[in-house]
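Take a look at the structure set out below.
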Amino acid sequence: MSTEHVDHKTIARFAEDKVNLPKVKADDFREQAKRLQNKLEGYLSDHPDFSLKRMIPSGSLAKGTALRSLNDIDVAVYISGSDAPQDLRGLLDYLADRLRKAFPNFSPDQVKPQTYSVTVSFRGSGLDVDIVPVLYSGLPDWRGHLISQEDGSFLETSIPLHLDFIKARKRAAPKHFAQVVRLAKYWARLMKQERPNFRFKSFMIELILAKLLDNGVDFSNYPEALQAFFSYLVSTELRERIVFEDNYPASKIGTLSDLVQIIDPVNPVNNVARLYTQSNVDAIIDAAMDAGDAIDAAFYAPTKQLTVTYWQKVFGSSFQG
């Protein structure tokens, strides 16, 4: 096995040039999200009984796993009060109305309810902030209920605990855990473009890689870490239950009949992969097998040109070695 032609540094350079959200852009996005937070906090200080209690950045930007293709920010808003609607449409309209009150300088068309969130648009930058409502009743750790984008059900969650979960893995593998997550997400994004039946949630990718890290996989060599990821998908066929005990004992998880079982590290009754079918699994395994075979072939390719050709099967034509 050789990484003479494409090695860890080559993949790291590709990630910096093509995969990662540039730091300047990430800082700008965070600054705009912070402005919204500050506006809400200022409004709350003058209106302490206001139903919107806290705004917390969530999603890939907050986790540090955002791709270069990111063009909006995910933010959770905690809503308290008995008058908050319990149905999706009503809740989003309610949230939009409250946001317009908290941000009076925004015109009505800059605050628009969407399918599962309310989008706040910044005119100057063209940036959109997707604000997701979380119903909050005062539970510790900011545990509340958000609406599942898969089936519209209410799920208990804690944005701070989710962020702490990722931070713990980033501490265990500084720089490298987040980078391997971004590389795997980039691959999955490419597969979605190339393969019509392919679906693979970013949250599932994060949790699978977190489990591999917890199990001792070395993330400091990107070709080998990616190969470990693809090998895991193929060897387990996603039939291995993935559980974390950061916030609850594994014994809290009951018997499940779901095909794929990747349990939310904050909520033991939420299987984040519960809707994945055998067809979905087959598509992931087929793509992972092709990627793993390509990396294997790249390790033994006699020339740089051939090595790059194999890596392009993983990362597409933008990979030039």
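Note: Cβ is positioned from N, Cα and C throughout, glycine not excepted.
According to Swiss-Prot, the protein has these features:
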type: BINDING; residues: K63, D74, H162, K185, K201, S202, F203, N270; note: ATP binding site
type: BINDING; residues: D72, D74; note: Mg(2+) binding site
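Location within the structure of each feature annotated in Swiss-Prot.
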residue: K63; record: ATP binding site; Cβ within 10 Å: 22
residue: D72; record: Mg(2+) binding site; Cβ within 10 Å: 16
residue: D74; record: ATP binding site; Cβ within 10 Å: 21
residue: H162; record: ATP binding site; Cβ within 10 Å: 23
residue: K185; record: ATP binding site; Cβ within 10 Å: 22
residue: K201; record: ATP binding site; Cβ within 10 Å: 17
residue: S202; record: ATP binding site; Cβ within 10 Å: 19
residue: F203; record: ATP binding site; Cβ within 10 Å: 16
residue: N270; record: ATP binding site; Cβ within 10 Å: 16
Over all pairs in K63, D74, H162, K185, K201, S202, F203, N270, the listed ATP binding residues, work out the largest Cα-Cα distance in Å. 22
Distance between F203 (ATP binding site) and D72 (Mg(2+) binding site) at the Cα atoms, whole Å? 17
Can you grab the distance from N270 (ATP binding site) over to D72 (Mg(2+) binding site)? Cα atoms, rounded to a whole Å. 26
For K185 (ATP binding site), what is the secondary structure by DSSP, using just helix, strand and coil? helix
